[in-house]
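Have a look at the structure below, then the notes.
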């Protein structure tokens, strides 16, 4: 009885089992039974299936291996593609730079862009930036949803700009294959960036998906065990009293976190892309404004010969390289009675050549006034290449090239035979001299109004044009127009046409002209119209105009200077009149000397008139009237001005 009682004693039985277990440890199970056990088994709850875990882990590892293998292939291939695109971009940038600004090599391939400006160069450069960023930031840890959105937006904006360009006939006919392809290529660069972002998102989700599924399964098992543990603990507490619970195992969530370096890289990339977005927003507004202005001025063109005025575009050669915008008033096609000695003899056609920073819209108003007063019968204006509505010329350009282009456009294409009285204002005086010299057979007389001297085409002309000071040094000024030797360097009296900017400054302005913010303020703040932006005061902010000024500046002291000097002898028998500004002559003795030299280019100089007012004589009432009288005397029609 006693033995049986001892055998049935739970405490003794536990002690004996403990002794046996300590003597034979290999008999112990690998994991003791515990309600928190996640291993081999638990007497108090369900156990995790080890076979399932091993199979699941193997599947995950195999999936991740395949995904990462595909990712490495994707990175390798994308680097090759992007490097090739950047190489093509760089070659294209250099080619465009040379072709648009120094020598037209596109003509070798039969391509032309009659709407060339700084836009193409800017778009190609942005394309290089986009492809470079695609290459540098094409990593799994650098994916950003914002970058994807920016790439898509920039791609659409670029295509929208191209659509605006193709919206109207004028720009659609002139942009050409090269200009169109530039827009498409830039859009393609942003499209590539969006595709790469999409692939990064795909691989990011593919890598995280199996881990996320495993996490969900582990979380479900953990939740089940936790619920079972809570019920067991509650039962233990009720049986053995309160105790401290053991922390439950939790699987860590697979999160898409970035390191500090990655955040800096993402922030830098997105900042640059955001700046590009701002640029494209301004670029789009500029394109929209230019499209509206151009449409307003060209949608009714050409105006046919049946109208009182004639306005059309004419090619400059048989190859149809580009077109000049020509406007005429009066019957310029009537060739009858040109040799008649009667009173009904037709006057010569006044052919006006505008200045360096204007068109006939501004500087020919004094001739327009004579026409409306019926003092002259007919006159023609044209915009030089890159000015107003005339096409952008191929590089290089010189005065003689423009003169030859004008002759073909007038005589061959427009069938305006002349004869002409050529009138040149400011820089246009040099173009008038060369055109007259090359066409003495169709030119009756020539008039130069505040004309440039050929010496102004040379690079160091400003130092010689400035009034002399008390010193002979030229060490730079102090910002107030004086240098250390007392020499006056105040250039404020110089007209903007004469104070020519150097090539770098023209280049810099041209690059920023793509934004068009000065053109935007012209209508937002100054309330200027379309003609002012295309022909008038705001034309100097147009990218096509700045490109033409750059081309003129590059060749001025080489080709253009030689054109003027080589054709000087042909002018000796041309009837000529000279008009000079009194203010300009008084401010610079050298300017007066140069004007005097102009009176000697012909043996048949009729008069040299110094009129009241400044360089822009058409703005001064008395000076304008005096200039009109000189023109009428030159063509033998002065009596009409004094008639009641």
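Backbone N, Cα and C define each Cβ position, glycine as well.
Between the listed ranges 39-59, 60-80, 123-143, Swiss-Prot ties the annotation transmembrane segment to 123-143.
Segment annotation: Swiss-Prot labels region 'Disordered' over residues 469-492 (candidates 469-492, 493-516, 517-540, 541-564). According to Swiss-Prot, of the candidate residues 22, 251, 342, the site noted as phosphoserine is 22. Using a 10 Å Cβ-Cβ cutoff, residue 63 (phosphoserine) registers 16 neighbours. Highest Cβ pair count under 8 Å relative to the transmembrane segment (175-195), across stretches 91-111, 123-143, 272-292: 123-143.
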